Amino acid sequence: MTDQTLEQIFEQQFGQSSTHRFFAPGRINLIGEHTDYNGGHVFPCALTLGTHAVARKRDDVVFRFYSLNFEDDGIIEVAGDDLTPQSAHGWANYAKGMIHVLREAGYRIDTGCDILIKGDIPNGAGLSSSASLELVIGVLLDKLYNLDIDRIDLVKYGQQVENQYIGVNSGIMDQFAIGMGKAGSGLLLDCETLDYTYAPLDLSGYTIIIMNTNKRRELADSKYNERRSECEAALAYLQQYRPYASLGQWSMNEFETVSFEDERLERRARHAISENERTLQALDALKEDRLEAFGQLMNASHRSLRVDYEVTGKELDTLVEAAWAQPGVLGARMTGAGFGGCAIAIVEDDTVETFMTAVGHAYETEIGYPASFYTATVGDGAREVEQEVI
């Protein structure tokens, strides 16, 4: 679907032409999983897949939302003075949430608007379709209402939508990667301080492949919040030994001197701490052009997520183990929260087709339904895009 078609559909649905167009990417996390809410480091990048929006301000206080991904929902109309979450509004709650959070922060959004959304991120695949929607609405509101929002503040508002409005206790990585992404670069983020560094991703001769299990995962209904609680309990136990504010401040050398009474909490903490160290090592490996070492760190990350953090499951393990068995694979791991969703692999360019065929066959044989495969391109963060046909 071209952007011109989006404009035509906007006019069909809302009766007037749109005035602005916006895009926010999805994201993958190359390494650093379940570290963001533990005060550690993550290493995500923005994708060229994402969420498109076209919009127009209104003269009244009504907000109208329409998504081509949920056409059966029709136009969702909301009064500007009633932005409380409603289950019947589904996806539109993320848009309502951003309006609500910005108003609460003191930004003036005194009239309504019409918004048409089209996402090309598979919903529920773990590529941050919800954070992409939050950020495309954020940049849209910033432009339409001349709010002049600092970009890192906008990232934080996106997280507030997730945490306080939707009720999912997520970290800040997804919104940060989507708001701050840069084409051709990964982004090393310290989730404790929000210090960040761009790292050029020179994967010449290799392709990033996203492997979707096609097993839906609902973050709010998964064991995600349970893992957060377990990490908080593990940190409280560890604070008897060192007064660190987060697991991300611990080193593995320090951790290995501690005896745990609860083996489950020990494993959860071991993952958070070791994964943080792997993420920093991965940045060094990329800087030094040691791609094989980077791939080995990806593999170790998946093993830790499987054994110590227990967030992979049969589908993700089947994909990743099949990927490891193929020639020309630097590394492979699950990405995102887990419990289904996606894995990623870095594969030699000339083996991409045979890789997808072989892994797809192994997966469908074991699981009983097919996986989906996408080649990923690293793109820029959330932004207004020009009003030209592409």
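Heads up, residue numbers simply count up from 1 along the chain you see.
Cβ coordinates are placed from backbone N, Cα and C, and glycine is handled just like the others.
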Of the candidates Tyr224, Tyr237, Tyr241, Tyr244, the one that Swiss-Prot places in the substrate site of Glu33, His34, Thr35, Asp36: Tyr224
Sequence-distant neighbours of Ser129 (ATP binding site) in its chain (C-beta under 8 A, six or more apart): Gly26, Thr51, Gly119, Ile121, Pro122, Asn123
Check: same-chain CB within 8 A of substrate site center, minus Glu33, His34, Thr35, Asp36, Tyr224: Gly32, Tyr37, Asn38, Val42, Gly171, Met173, Arg227, Ala272, Glu275, Ala337
For Asp36 (substrate binding site), the one of Ser67, Gly126, Ser128, Ser130, Asp174 that lies nearest, given that the recorded positions are compared by Cα: Asp174
Which of Glu162, Asp174, all recorded positions, has a Cβ with the fewest other Cβ atoms inside 10 Å: Glu162
Candidates Glu33, His34, Glu162, Asp174 (recorded positions) with Cα within 10 Å of Ser128 (ATP binding site): Asp174
Count of other CB atoms lying within 10 Å of the CB belonging to Ser67 (ATP binding site): 23
Cα-to-Cα gap, Leu127 (ATP binding site) vs Arg27 (site 'Transition state stabilizer'), nearest whole Å: 5
